[in-house]
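Trainee: Structure in structure tokens, see below.
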């Protein structure tokens, strides 16, 4: 598809600290707190003993020379039909469910799949570094620690494993309940996970010191550690949302009933300073929540989405749902991706729908490019698309998969997109944009 750029931004949008949410003075006051300084103390570090929750000094990259690279048996050339990718990783023998990039260098990827396997491999050439062996169910979660020294993998049965990247050795494992989500702490070797029994788990790695946060008697379907590292927001199958104090182990805020969702939560995101939370659900609503007060300060729904009735137990209707969402880092905008293929761009300052961008099939995930108003989407048609959120225009797209894309990741400098798919492949695309 022809790339196009647009230098004409929409009318200037007021900064977030001036937002007025329906004239509610209490909400205005909450939003003004967004620009306040973060808490200086980090009590969670004391609770977890020797864990260093401060940003670590950048260490020299030196691991690469110590890696014994495996033969490139999983790297293949171009596929039949158009393939815009630079590298294809093909060692998985079934659908590839998840991908994550190492945050420090963005040179490594970890992928997990339906073949009960997870691999750590190099983005530049698809070279396998090592296999994360020992899983006996589909690997649905995988990710690197904040400093890229550790990689965690988790399968559907709840078996979690952590590996030392430089030595390629497994250093920790744990069997929890059926796994719903997994995430590393943003500044410490602490791993969190949500399970089908409603628990959220937190472990210090590698000694395994553990704390659990007991939710309702239903799956903890999604979760995210807030940027301050002291709180986490967790969504549940019953539509409730809890903001947890990670040190004390108690919920600071609980949103339920009309404040919560009318169906299971599917996704959650926070803005850069952690003052605002966005939650999505199968009820087709995205709710904007103040992390400070726990109050809902906005509700978003695209204009074309009809009201969805509550699903009965085990019902597999073709209802629409929110699949992914996120905040723009440079403008007061939020993006919400829906199963019906709608990408909705909302203006947080006016709480109005700014643009609707239609896909040919359902959106699986979206990611904002750091420092710009460009949002990336991947969808069930196997295509990655880049959208200018200011204008709602498609900038470019990338093709190459022969089945649906199931997950994707974006490098920090937005030069690479890494995708995983039902075609058993992971692909690396080089992002080329004429507008930058």
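Cβ atoms are placed via backbone N, Cα and C, with glycine included.
For 1-67, the entry in TrEMBL reads region 'Disordered'. Annotated compositional bias 'Acidic residues' per TrEMBL: 40-64, in sequence order. According to TrEMBL, the feature repeat 'WD' maps to 89-131, 132-173, 227-254, 258-299, 356-397, 398-436.
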Trainee: May I have the DSSP-based helix, strand and coil counts for the residues of the repeat 'WD' (398-436)?
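Mentor: For the repeat 'WD' (398-436), the helix, strand and coil counts are 0 helix, 18 strand, 21 coil.
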Trainee: Can you break down the repeat 'WD' (258-299) into helix, strand and coil residue counts using DSSP?
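Mentor: Helix (H, G, I), strand (E, B), coil: 0 helix, 21 strand, 21 coil.
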Trainee: Is it possible to list how many residues within the repeat 'WD' (132-173) are helical, extended or coil according to DSSP?
Mentor: 0 helix, 23 strand, 19 coil
Trainee: Below 8 angstroms Cβ to Cβ, which residues of this chain, lying six or more residues outside the repeat 'WD' (132-173), approach it?
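Mentor: Same-chain contacts beyond the ends: 56, 59, 63, 66-67, 97-105, 108, 110-120, 179, 181-189, 191, 193, 195, 203, 205-206, 208.
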Trainee: Give residue numbers and ranges for long-range contacts of the repeat 'WD' (398-436): same chain, 6 or more residues beyond its ends, CB-CB under 8 A.
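Mentor: Beyond its ends, the repeat 'WD' (398-436) has Cβ neighbours at 3, 5-7, 79, 81-90, 92-101, 103, 106, 109, 111, 113, 123, 126, 361, 364-365, 367, 369-370, 372, 374, 376, 378-386, 388.
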